[in-house]
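Accompanying notes for the structure given below.
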């Protein structure tokens, strides 16, 4: 914390603190003690001594405007004084320019906020004498101050007044210190109004205060660890504001130390004066009264050790600078000293003494909000040019901020360039940014850092730009030429990452959009230190690059200076013909890629590359070779793959990769998908480090002629759709994790070729049974056998697959039973048996998801299903023989029984209710037309109990952790259940809610819609969703315009998941019965906002609900609708039939059709309605009622 003298000296002519208080109540006690304590710290305080004598209020307002901080002391009699209230209104008007700190003296913040009790009564009485219509402003000011972070005090508590005063004084000193720091950062200008201040503010980075706070915590200047010696390294992207931050930080805290020093632009100083002068410069700053004539610390060690030192070093680019300045720092820096260093790159091995504590602070990019403020400081410094089109300019401003991604210097340069330019200029500039940088940004931000890179780092940076967003391991493999360890690439990538040229996200190598654009521009012109070209042609969306590419393609032979050559056939829009020797001269080519950006799967493009005659490709340096629709039978004989890492030839014409065995020690990835003529893989026999092999769609391939020694490193093997494959080699691949044999329709027998498998796909194969040695797959987690129509049974020892989590047997129509031993499988979570003939399910306690849909054999479920406590999802769609459903598991979230045309009864209760903070659950009984009346009553009773149970849970648990929609169900029916208090015919429900309807125990709402087919509609609907728009408007005329909110809720949905066919394969046509949709949703933040707005007042409210149904065929409509307001019960929580079923209504007399407060008339919603997302923000702001600084 800065000393009081340093704070006072910066603004001696102005009042620093203005005291706002009720004089009769506090002047001669608390306020006088507070005033004395503030003045004792040399803080200039203004107290309105002359108010009672009739001084003009305008004079007081001027004093408030001149102050830095206002202390609003809210007491019980505060609202008796118009003076206090008008001063408070003025303080609110100065928000952002004046720091207001409230002290709640013997009054609760909530009482101030809602003007309750005697405090509110006094305000009403004061209003009676108010002829200026100030009441609305007074209330707004009281609400404003109640939401600020302040100090509550109750004289009856144990806390002493003196303790409170000490806290207030400390807070004032801290605030003044920060204000002083901000002024010094912006040029120490006077804080009066005018253009000078706006210019100074624009030079300061938005969000600086937050950065200062974070750096303060890292350096530990205050707090429990302030006695530690700390060296903190401040790093960040070029232009991110390191120097601005360090200067502000130094000015803020230098007065806490008797010995301090700030050295800036150290790298430039070393260039100008040499490294040897650094130590002397630092000593002169630390010991200004000494005659420094030595360049070593030793003669001054005793004097330095008398006090802790505060050192800030900015602009260091070399490790030697730090070693020179901080050598043997333990011998001359007293314990508790703080040293802050700003560097252009992270240091991985700085001052490595064992007991030395080191910290790094990464300067963050600006948030979108701070970035927008920072940009607008420069782009709109003179507002007149943009007054006529503010919204359009602001929209464009946000796009520029998104592009800059919070980079302060880029935002500043963009803002300066755009200032006073036309809107059309802004729009064109925004379009050009991804393709071309302005010279100012390139030279001042990016080129400087790029020039500091070594040649290896420059090459790596531009190469990485070619493979932006690719996997880190993949990029390392491409960059390195020393083998699988890729140690050199690791060092280079780490260096680029430390210099913030790249970053790693989700194991992928990324770079800032600006750096990518810079690399895109620089790549085609890049040169080695000796002047030789190292061009990269890859981004045709850039006009300059496209032009270079066209010129390159017109040459009779390729260029030796090209390092990467990427050709996007989709962008070319035409076939390309290359000479047979076109690529022959590209001796330095490392990355060759002919692809189509139109399709991520690289399906066969319309445009192709033609090469008449034999292709010549004598390239040794190629790491990456991607050639979509490769036109030849094989790669040419002169191709040398000794450095090849990645080979990708999708949809090619090859029959074999190359004619003879070739040494390919670095080849790790091979993708030949949909090369339909491929017959022979013998060319890969020397690819001993191969990890991934994709042969999907290679229909001519009949076998894998590769031995285990050739595939020892293979982790992934994809043979999907290899319809010619009849058998697998009997080998053991010790590294294989994933094997895909999906749609190998001629594969009748499977045997284990790897005991390390994690995932196995056998979908659509002709296998009849699994081999007995399947039990060897002890690591198998996922087994997919969908549509294995010949599969009859599973091995008897299937439970030996102890870690299996997913088993998919969908469509295995001959599979009629499961081994009983599966009950021992404790890891199995997903079991999909749709389309099978299975009638009995083993009791697998770990199951979370069970699918039995389209099972035409099963008629009932085991009663033990209720014991599957982990089961969350049960799919019974189109189980046409299913007659009854037993009691379901307690934690079941989704039951889908759509189309169970024989279903008649359900258990009562449908499921056991337990007190819980349950997440959303859905029970679907659509098109179960044989459900009897009792079953429908059970479903509606379950829904009613579920709503009450959830409402009670919401009161017990934190509502913020409970999803909006909590329960929904649907079933055949034509009536709104009787427990809905409000009902209407049609899709619109309008009612008047009595005052206080949303207070106390109100938790949520239950919604109901009856949906039916439109007249003369015979086609079956495939899917639909039912929604409700809920509009609420208060009628409090005293508050001015009505307060309105609006939000949407999904009432329910269902999908048919395919068409039901008759025996001839035709779609069934039927008239669907009416269906009832019910949902329960929690009290949203919007309603809470309304509650806060009118808390303690008697305010009538009007509700307007409009239901709608959406289906692709537009065949459905809402016939009836209903609403129930749900309240938490007062009784202790009960379960099942003992549960209190009373759902409190919004009024004392529940109303149904024809009641006075429920109507079917249509209406419209006002356009000034506050939508829910805005209301959420408002509620969040209102809820931040902190009580301590």
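Cβ from N, Cα, C; glycine included.
Taken straight from Swiss-Prot:
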| type | residues | note |
| --- | --- | --- |
| DOMAIN | 13-176 | domain 'TIR' |
| ACT_SITE | 87 | active site |
| DOMAIN | 225-478 | domain 'NB-ARC' |
| REPEAT | 641-664 | repeat 'LRR 1' |
| REPEAT | 666-685 | repeat 'LRR 2' |
| REPEAT | 698-721 | repeat 'LRR 3' |
| REPEAT | 733-754 | repeat 'LRR 4' |
| REPEAT | 755-777 | repeat 'LRR 5' |
| REPEAT | 779-800 | repeat 'LRR 6' |
| REPEAT | 801-825 | repeat 'LRR 7' |
| REPEAT | 826-849 | repeat 'LRR 8' |
| REPEAT | 850-868 | repeat 'LRR 9' |
| REGION | 1134-1189 | region 'Disordered' |
| COMPBIAS | 1138-1169 | compositional bias 'Low complexity' |
> Around residue 87 (active site), how many other C-beta atoms are within 10 angstroms of its C-beta?
Replying inline: 25
>> I want to verify one value. Collapsing DSSP to three states, which class is residue 87 (active site)?
In response: helix
>> Let me spell it out: take the repeat 'LRR 9' (850-868), skip the flanking residues so only those 6+ beyond its ends count, and list any with a Cβ under 8 Å from a Cβ in it.
In response: 810, 816, 831-841, 843-844, 874-890, 896, 902, 911-912, 1057
> What are the DSSP helix/strand/coil residue counts across the repeat 'LRR 5' (755-777)?
Replying inline: 5 helix, 4 strand, 14 coil
> the repeat 'LRR 1' (641-664): mean pLDDT?
Replying inline: 93
> What does DSSP give as the helix, strand and coil breakdown of the repeat 'LRR 3' (698-721)?
Replying inline: 0 helix, 3 strand, 21 coil
> Can you name the far-off residues of the same chain, 6+ from the ends of the repeat 'LRR 5' (755-777), with a Cβ under 8 Å from a Cβ of it?
Replying inline: 720, 732-749, 783-788, 790-795, 797-798, 800-801, 808
